[in-house]
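Chemist: Take this structure first; my questions come after.
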Amino acid sequence: MFKSGFVTIVGRPNVGKSTLLNYIMGEKLSIVSNKPQTTRNNIQTILTGEDYQIVFVDTPGIHKPKHKLGEYMVNSAKDSTNDVDLVLFLTNPDEEIGKGDKFILESLKDKKCPVYLVLNKIDESTPERVAKSLEMYSSEFNFKEIVPIAAIKGKNVDTLVDLMKTELPEGPKYYPEDMITDVPERFVVSEIVREKALRCLRDEVPHGIAVDIIQMKQSDNGTYHIEVDLICEKDSHKGIIIGKNGQMLKKIGETSRYELERFLRTKVNVKIWVKVRKEWRDNQNLLKELGYKKK
């Protein structure tokens with residue numbers, strides 16, 4: 001009997017949703033950064049076994065939106081909990097239950113599918129904090145399963161996957177077994193570049209960064225030639241991104257190239273230009289051009 005179903009991962013920004021998904025898949029398919037709100041789109045990722053197929057939906061964190069891009073992200077996260085077979089509510093033990101957590105849990109109360117509490121980052125906490133957190137969340141919601149994990153190290157992740165399999169109904173193979181994501185290669189490439197920019201810039205430039213793939217061609221010898229526009233909101237941000245004597249932009253390019261070669265499994269040449277598009281996060285037309293469709 002073949003089993004298949006859809007699992008969505010929800011939680012506040014920066015609790016480790018993308019890290020968990022990347023560990024399960026063994027591929028960097030979702031952007032990972034130490035900054036919150038780095039995932040901006042729902043990404044369907046497919047895990048296929050001999051007798052099962054799990055389609056994961058990795059979502060943006062749910063937060064109070066401050067601009068049209070934020071509205072898009074929150075609506076994407078809410079929409080992803082409809083018509084799924086299982087919801088994983090991800091959080092970590094070192095933070096109190098906040099308004100964001102309660103907002104998410106309240107939105108899940110009318111769901112017919114089971115909801116798991118997945119307590120991430122237990123390796124960074126203490127047994128006392130973990131126990132207190134489990135008690136707090138259990139008093140807020142009737143979770144079917146509670147699974148403490150350390151996604152970055154893979155601790156208890158296999159146990160979580162085994163539990164997920166038990167929730168799958170009998171069903172078809174929705175995607176070919178060699179397909180691991182429903183997003184095009186260009187999208188993953190843009191997310192890799194955006195992640196590296198966020199990591200290199202740290203707190204120097206806020207989340208007003210987008211990536212537009214201008215060209216992506218593969219030559220006869222297999223080498224990819226990629227040209228990218230890195231879009232920011234202010235002229236001052238452009239200067240920071242380029243850096244003194246172009247050193248910051250060079251660093252972003254080098255770290256991006258390394259990760260792109262791992263993902264594409266071939267040599268990559270990448271060129272990055274920095275462009276200013278003022279208030280692009282509130283520009284509906286530009287958001288659409290960059291792939292953020294209005295919900």
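Each position is counted from 1, following the chain as shown.
Heads up, the Cβ atoms here are built off N, Cα and C, so glycines get one too.
Pasting the feature list from Swiss-Prot:
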| type | residues | note |
| --- | --- | --- |
| DOMAIN | 3-170 | domain 'Era-type G' |
| REGION | 11-18 | region 'G1' |
| BINDING | 11-18, 58-62, 120-123 | GTP binding site |
| REGION | 37-41 | region 'G2' |
| REGION | 58-61 | region 'G3' |
| REGION | 120-123 | region 'G4' |
| DOMAIN | 201-278 | domain 'KH type-2' |
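Tell me about the setting of these features in this model.
Modeler: The average pLDDT for the region 'G1' (11-18) in the predicted structure is 81.
Around the Cβ of N14 (GTP binding site), 19 further Cβ atoms fall within 10 Å across all displayed protein chains.
Remote same-chain partners of the region 'G4' (120-123), defined as residues 6 or more beyond its termini with a Cβ less than 8 Å from a stretch Cβ, comprise 15-16, 19-20, 90-94, 130, 148-153, 155.
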Chemist: Per DSSP, to which secondary structure element type does G11 (GTP binding site) belong, with helix, strand and coil as the options?
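Modeler: For G11 (GTP binding site) - judged by DSSP and reduced to three states - the answer is coil.
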